[in-house]
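Colleague: Just dropping this structure here.
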Amino acid sequence: DPQQLEVATSGKKRLRRFIVIDEVVDELYGSKVRQYFEENDVQHKILALPTTEETKSMDLVLNILQEVQNFSIDRRTEPIIAIGGGVCLDIVGLAASLYRRRTPYIRVPTTLLSYVDASVGAKTGVNFLQCKNKLGGYTPPVASFLDRSFIQSIPRRHISNGLGEILKMALMKHKGLFDLLKSHGKYLLDTKFQSCSGSADHGDAALQTTRIAIETMLEELAPNLWEDDLDRLVDFGHLISPELEMRVLPSLMHGEAVNIDMAFMTYVAHARGLLSAGEKEQIIQCMRGLELPVWHGGCSWALIKTALRERLKHSGGQPRMPLPTGLGVADIFNDTSEETLERAYKLWVRD
């Protein structure tokens, strides 16, 4: 907005920013963030918080809003900035959407998972009554700032965790992305998605992989931002995983739970005749290559049935089950019998 820009640069009004940063990220990058705002003469308040699945609650949202109120921001020209992983971005997004009904906010993802997933959509939310993201809304950020250099400081397991969501998009929409993950998965884990000179064999696999993952995610989300259409390919890996993830907290990370769900659904697709044995094996081997779990003892047949019943409640009475119909192609099915699901489950457990 030219008028806002004129006010901001004329010196009539000092820039002010309220920042919520994950406490682990604050330990690593907090001094740089503070230095940035000080050097640019921005009045700021930095709130460092523990943002984990266990703390992802309305209590934390209200804590943030109390601090926002104390700092007293202009709800149109002073966006709240969230710096952290997906949980941090979800919590701050919900807080911003509630404050004065809608305060703009900016997402700065610092994990691979949030870089390719939470940064892109409109969803905000917190856990409630032991249910994942039971409270929330659809409030897109005014911007997402993507910087892969943050990813170099996260543990290897967190890289795998993000690769689970990237693999989801590969299996649903993009065989080229699947091939990239098969060929360069270990390299991406080893280099933590940093673009390295002198790696001609791999090209810029990190840039290609993240770009394709984000573009395919946007293709799916942008026309259906408020989920008016409940037939969503991006729900692959998210039918059973919410129940599993909350049941076994904190032993599984989000992308790991999603991958276990995808592994089971790969067996379902095979049991339905949608995937050949060779294609099924390629997918499972790719998952293993990305150091993702392909099974978990907590994912019992009883849990699967409970999770699918919950799915019916929230998807208009239909399972709307996304399944791969090949490598990089998929469709949504409403007619998978319990007998097929149980047969797939037994094969999965056996393997």
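Glycine too: its Cβ is placed from the backbone N, Cα and C atoms.
Any TrEMBL annotation is an automated prediction that lacks curation.
Note that the coordinates shown come from a computational prediction; the quantities given were computed from them, not determined experimentally.
Okay, these came from TrEMBL:
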type   : residues : note
DOMAIN : 48-160   : domain '3-dehydroquinate synthase N-terminal'
DOMAIN : 162-299  : domain '3-dehydroquinate synthase C-terminal'
Colleague: Would you mind splitting the domain '3-dehydroquinate synthase N-terminal' (48-160) into helix, strand and coil residue counts from DSSP?
Modeller: 48 helix, 28 strand, 37 coil
Colleague: Let me know the model's mean pLDDT on the domain '3-dehydroquinate synthase C-terminal' (162-299).
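Modeller: That region's mean pLDDT is 94.
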Colleague: Work out, from DSSP, the number of helix, strand and coil residues along the domain '3-dehydroquinate synthase C-terminal' (162-299).
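Modeller: Breakdown, helix to coil: 91 helix, 0 strand, 47 coil.
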